[in-house]
Structures are given as C-alpha cells and as structure tokens.
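Novice: Take this structure first; my questions come after.
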Amino acid sequence: MTAPRPAAVVVLAAGEGTRMRSATPKVLHTIAGRSLLGHALVAARRLEPARVTVVVRHERERVAAHARELDPTVLLADQDAIPGTGRAVQCALSVLDAAAQAGQAAATDGPGRSGSAVGLQVEGPVVVLAGDVPLLDGDTLAELLAAHVADANAVTVLTTEVEDPTGYGRILREAGTADVLGIVEEKDADEAQREIREINSSVYVFDSTVLRSALGRLGRDNAQGEVYLTDVLAIARADGGRVRALRTDDPLLVEGVNDRVQLAALRAELNRRLLEDWMREGVTVVDPATTWVDVDVELARDVTLLPGTQLHGATTVGEGATVGPDTTLTDVKVGAGASVVRTHGSGAVVGAGATVGPFAYLRPGTDLGDRGKIGTFVETKNAQIGEGSKVPHLSYVGDATIGVETNIGAASVFVNYDGVNKHRTTIGSYARTGSDNMFVAPVTVGDGAYTGAGSVIRRDVPPGALAVSAGPQRTIDAWVLRARAGTPAAEAAARALGDRSTEDLSPQARLELERAQRAAAGPAPTPPPTLPDHPAEIHDLPADTKDTAR
C-alpha cells in the first residue's frame, strides 16, 4: 500500500526563545551538525508533502534566509503581532491557499487554456510541527499520518507520557475510548488535570477543511491571552469530527528545546543514538562518551573511532580506516584503511592506506594520495600530494602540487605568499628534498631531482638535478675561547682542546688555547724575599722583615 502524502507541512519557527539567552534565534542553534529548524525540515520532507511552509517572526530575515538555504522551495509565512500557535497556523494556511491558487492559475493560463483559481484552497491532511524538536524523525511523522488517514480522523495528535509533565499541555481523553476530548494548557489546568502525565507534543495532523473552519473560531480567552492551536481539537470534536492520539513510548523523540540545558541534553542523546546505529552497522566506537558524529557523516564497515574523535559535516570514512584519538574532521573524506591520528582537518581528502598525524593540520584543499603520509606537526593547504609521497615532519605545504613517491625533508616550508598574492610550488615525482628547505614560489622541482639540506630554492630545478644553495661553511677555530671567555662553553672547549695533541690544532687554535690556559691558571705567585746568610747584614733587610729576622 502506498504511504499517504500530506497536502502540506507547517513548521512553527516564529518564537523568540528567550530562555536560550542568545543573540541567535532558537531554531538556528545546532545539534549534530544541523540546526533545529533543519532537523524539522528534513523530517517534513520525508513525508513528500506537496508544500512546506515555515512560519517566521522573531529575527525574521535570519530565519527565513536559513530556511531558504536548506530548502529553496519552502514557503514563508509571516506571523503578525497576534500571539499564539493558532495564529501562526492561520498565517501559514493563508500562504498555502495563495500558493495553491497561484499554482492552479499558472496551470490554466496560456494559449488554448482558460480557467480560474479564485477560491482554490489546500485540501487534504496538513501536518503541523514545532521547529525545535530535533529528535523527531520522518518515520514517526509517517506513522502519525498513516493513523490519521486510516481512521479518517479530523485531528490526530502525537502524545507521550512523562514522569514530570510540568509546563506541558495535558491530553484529556474520553474514558474507555481512544478518543481525545481536548488539550488543556498548564496555566489553564485545574489540580486534577495537572496530575495527567500524557502530554501534547505539539505535533498534529489536521484535515484541512476542519482546520480552516476551527481556526476562524479561535479566541484569546485564556491565561496567556494567546490564540491556542490546541483549542482546534475541542472545536473539531464539537463539530462531530473524530479526534484521536498516537502515543509514542519515547518521550525524548518529542522533547523540545527551551534552554541551553535541554539543548545539551538532546545533543548528547541524539549523538548516543547515532553512535548506537553505527555500531550496529559494524563500526567500532571505543569510547562513545567522548566520540561525536554529525547526522550527515558516513562510516563504512570496520571503521574504528578512538576516544576524543569528532566527525562533522559531510565527513566520510572508508572501510577499515582508523580515526583518532583526539581528532576533529569536518567535511573530510578518509579512504579505506587510512589512519588519522590527533589531527584537525577540514575540506580535505585522505587517500586509501594513507597516514596522517599525530598533530597534523589539514586545511581546505588538501588532497593526500593513496599510501601517502602527512606526519607530525605538518600543516597543509591547497596541496595535492601524490600517491606514496611523504611529508613526514615539521613542515608547511601550501599551494603545492607534489608528484608520486616523493619525499619532502623535515622542516621544509613552501613559501607561497609574497605579501599580496599566493603562488604555487610544483615538486615532481620520485624527488627527494633535503631537510630545512625553503621553496620560494612560484618554483618547480623536476621529476627525480634532489635538493640539499638547508637550501633556499628560488629557481626551477631540472629533472634529475641536485640543487644546493648554501655557500661553503666557514669555521673560525677556537672562537669561543676568545669571544666567550669565562663561559661554561669556553671552559668545556678548553678542556676538550687540551686533551688533543697540539700538533692536531691549527695555529689559531693553539694560540687561543694557550691564552685560555694562562687565564685559567691566574697570575704567577710573588716569590718570598731571600734573607742574607750573615747576621751582620741584617740592616740591609726591608723594614717589614727586620722583626721577623730577629
């Protein structure tokens, strides 16, 4: 049997959400990589409705722009100053009717056609849901719609039971039947009604004719002075329509977000459910408590996610790959059998069997080929690194193309920015570059070429050539002994040089060593005075020694 399709889905997104205490409209806050409004629109589209309308008011332009970004075909209904969910649906229904008339007019106008769309209205089931219920899925909505159509209900409401129903509208049922008498809001409920634990989820299916008729009779005679959509149920029943409820046993499925605490709780719950689904599909999640995945992430069988892993956006991970620990990837494609360790990456591609990290930074435009390597403390950006090529350590590779099976030496920098423009470096295949190289773009190193350690490559290097830019090394013997005399370095050097044969030292080194040794020895001691051998010559002694001589 073909699943029923609604004439329209109305998403309520006009509220201010003051309890969020945020400059961002409530429905634009995100859970699992998707806004609250985005979750509602995805669930709505699962029903394949003829039209979807989003009701907006607070931060109208921001919410409307986001809705159109998510779904360019969505209709927008502006709620006026009259408060309440009933008024919001009135505004939506007016937009839907206008769209139906415009569509019919477009179909009947033109050569050889005639007709009128005046008075045309939306007909069939209309689904209404809140824009802040992120765990509500399309399957639950489809079940609700199917029950509505099968029972030929005027209204069908989705409900659940909770331990603490404070703040929710209570479901009033007719004793002994499945029928619903109505919904009473918390502020309008009496003591007995407040004991009821079955609550309204604010998710409904209405017959469009019943809805249109009831909306015209809604008032604001209630504790909050609002136009309640919930009053439609009592009106529909009074008009002889069947009003029933579909109760879900999963309260979190219909829980809305009112503050940051609920936002965090539902984010954690959705993440738990996503990880559980992936584990049942053959993914190993070592520590679900510290692992986060967005709703649009795709994982293959036998993927392993280690603790501290976060996968965002449209990230995909191939079969048998390992990600983590402590890794955050956004819109990254990881190939089969690859390993990504302690890495932050976005907008990048990691080939099959490649290795990345630890402590790597993959910026947008990075494309690492199969079996390639981006190693420890390496940053890449707009870099195509060929199959089997390696950038193992302490390097920056920006705006570069590297061929296959090439090795980039440690501490290399691709100097791509001249202060105004970015330029590109090309390294060929099977090349070997020395450590501590600077490639000053634009520059090309040919296939099979080598560069010496410490080189600054400013000009193109032909295939198979060796480029060495450093001049000859100059050594000044014993310089430390003279220029840094008295330091620990000089003392260590003197000891080391003193252990060597003077014949092995250069003249300059011998001279400096002798000076250092004399300085270390200090000045020669003054010899004591010599006393005469005969006492008669005592008068010839210095004055300060006469007493001693006696």
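Cβ coordinates are placed from backbone N, Cα and C, and glycine is handled just like the others.
The feature UDP-N-acetyl-alpha-D-glucosamine binding site is assigned by TrEMBL to 12-15, Lys26, Gln79, 84-85, Gly169, Glu185, Asn200, Asn258, Arg363, Lys381, Tyr396, Asn407. What TrEMBL lists as compositional bias 'Basic and acidic residues' is 534-550. Here TrEMBL flags 9-172 as domain 'MobA-like NTP transferase'. Taken from TrEMBL, the feature region 'N-acetyltransferase' applies to 282-550.
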Novice: Let me check the 10 A CB neighbour count of Lys26 (UDP-N-acetyl-alpha-D-glucosamine binding site). How many other CB atoms are there?
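Specialist: Other Cβ atoms within 10 Å of Lys26 (UDP-N-acetyl-alpha-D-glucosamine binding site): 26.
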Novice: Quick one: give me the count of other CB atoms within 10 A of the CB of Asn200 (UDP-N-acetyl-alpha-D-glucosamine binding site).
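Specialist: Total other Cβ atoms inside 10 Å, all chains included: 24.
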Novice: Using all protein chains in view, find how many other C-beta atoms are within 10 Å of the C-beta of Ala14 (UDP-N-acetyl-alpha-D-glucosamine binding site).
Specialist: 26
Novice: What kind of secondary structure is Lys26 (UDP-N-acetyl-alpha-D-glucosamine binding site) part of, going by DSSP in three states?
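Specialist: The residue in question, Lys26 (UDP-N-acetyl-alpha-D-glucosamine binding site), is helix (DSSP, three-state).
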Novice: Are there residues of the same chain, six or more positions away from Arg363 (UDP-N-acetyl-alpha-D-glucosamine binding site), whose CB falls under 8 angstroms from its CB, and which are they?
Specialist: Gly345, Ser346, Gly347, Ala348, Glu379, Thr380, Lys381, Asn382
Novice: Average the per-residue pLDDT over the domain 'MobA-like NTP transferase' (9-172) and send me the rounded value.
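Specialist: When the pLDDT values over the domain 'MobA-like NTP transferase' (9-172) are averaged, the result is 91.
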Novice: Count, for each of the binding-site residues Gly84, Gly169, the other C-beta atoms lying within 10 angstroms of its own C-beta, and report the residue with the smallest count.
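Specialist: Looking at the binding-site residues Gly84, Gly169, the Cβ with the fewest others within 10 Å is that of Gly84.
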Novice: For Leu12 (UDP-N-acetyl-alpha-D-glucosamine binding site), which residues of its chain lie six or more apart in sequence with Cβ-Cβ distance below 8 Å?
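Specialist: Spatial neighbours, sequence-distant, of Leu12 (UDP-N-acetyl-alpha-D-glucosamine binding site): Val55, Thr85, Ala88, Val89, Val128, Leu129, Ala130, Gly131, Ser202.
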